[in-house]
Amino acid sequence: VLSPADKTNIKSTWDKIGGHAGDYGGEALDRTFQSFPTTKTYFPHFDLSPGSAQVKAHGKKVADALTTAVAHLDDLPGALSALSDLHAYKLRVDPVNFKLLSHCLLVTLACHHPNEFTPAVHASLDKFFTAVSTVLTSKYR
């Protein structure tokens, strides 16, 4: 459960990210593919080389979904329902991959915003990414 302080930290951090969210999403995907090569199996049709246009484009989709989630922190299931359906029923992404991507998103944000990435912000973002992952995997059950 996200506390009021968590919500403030999440919104504040996302505001600071601003127009870089898509770039960070692509970088986090690159990190995921490099650190956890099994995640590449869901993208056989992509050029998975670091910085490829396809990885950047998908990273922007990830960032856009997270931006939607930030705007709907009080109703993540409603805001992410269609995306949950897509990942559960069509793409059939193994739920562990959301945790791996979440970790890489945290690393990416910490690298780009080290001064703002306090322990409290880290904890809030971790809780947020976990909440998003939980929603995205809720229809698997």
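Glycine is no exception: its Cβ is also placed from the backbone N, Cα and C atoms.
Database features, via Swiss-Prot:
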type	residues	note
DOMAIN	1-141	domain 'Globin'
MOD_RES	S3	phosphoserine
MOD_RES	K7	N6-succinyllysine
MOD_RES	T8	phosphothreonine
MOD_RES	K11	N6-succinyllysine
MOD_RES	K16	N6-acetyllysine
MOD_RES	K16	N6-succinyllysine
MOD_RES	S35	phosphoserine
MOD_RES	S49	phosphoserine
BINDING	H58	O2 binding site
BINDING	H87	heme b binding site
MOD_RES	T108	phosphothreonine
MOD_RES	S124	phosphoserine
MOD_RES	T137	phosphothreonine
MOD_RES	S138	phosphoserine
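Overlay of Swiss-Prot annotations on the structure.
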residue	record	Cβ contacts under 8 Å, 6 or more apart
S3	phosphoserine	none
K7	N6-succinyllysine	L73, S124
T8	phosphothreonine	none
K16	N6-acetyllysine	H113, E116
S35	phosphoserine	L100, C104
S49	phosphoserine	V55
H58	O2 binding site	G25, G26, L29, F43, F46
H87	heme b binding site	V93, L136, T137
T108	phosphothreonine	Y24, E27, A28, R31
S138	phosphoserine	P77, S84
(message) Return the count of C-beta atoms lying within 10 angstroms of the C-beta of T137 (phosphothreonine), excluding that atom itself.
(response) 19
(request) Please work out the helix, strand and coil residue numbers for the domain 'Globin' (1-141) from the DSSP assignment. (result) 111 helix, 0 strand, 30 coil
(message) On average, what pLDDT score does this prediction assign to the domain 'Globin' (1-141)?
(response) 94
(request) Go through K11, S124, the listed modified residues, and name the one with the sparsest Cβ surroundings, counting other Cβ atoms within 10 Å. (result) K11
